[in-house]
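Here's the structure, in structure tokens; my notes come after.
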Amino acid sequence: MTMSIRIGNGYDIHRLVSDRALILGGVHIPHELGLLGHSDADVLTHAIMDAMLGALSLGDIGHYFPPTDPQWAGADSLVLLNQVNELIRAQGWRIGNIDSVVVAERPKLKPHIKTMRDKLANVLQLEPNQIGVKATTNEKLGPVGREEGICAYAVVLLVSSDPVN
């Protein structure tokens, strides 16, 4: 059976620490804490990449960019996102739309959402209106609510570029 659309979902969480930049959707967010990770720890971009890969049953970002590989240390997640986008395009698919949510108690992310959407759209060769980015809190519940980390969820709709796919 052939399908012309595929849907994937993604999730990522990283711990908040001092002496690290806070980068979400490729945007540097002013904050006294940043996210700890092997790359730049951009949870939003990581969740989107996992959703893209998951839609095509291609595994997760750890398979392509393992945290044990020194070449990805400090990597810009937008560069990795571009590589994942090239991979799905080579498989005959393109993004129809993305919906995502970042969960953080602080800082307030609303002032940065348009810039996040614009940066992601530029890398993915999409229009900003194809990318939804929302922000919410965890109402002080769990590790995100205690400000121990930030997480993100993403859903991606892929559309076949090939009518026989």
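Note that Cβ sites are derived from N, Cα and C of the backbone, with glycine treated the same way.
When the candidates ARG117, ARG146 are compared with the 4-CDP-2-C-methyl-D-erythritol 2-phosphate site entry in Swiss-Prot, which names ASP12, ILE13, HIS14, HIS38, SER39, ASP60, ILE61, GLY62, THR136, THR137, ASN138, GLU139, the shared residue is ARG146. Most buried of the recorded positions HIS14, HIS38, judged by other Cβ atoms within 10 Å, is HIS14.
Here the candidates are the recorded positions HIS38, HIS46, THR137. The one whose C-alpha lies nearest to that of ARG146 (4-CDP-2-C-methyl-D-erythritol 2-phosphate binding site) is THR137.
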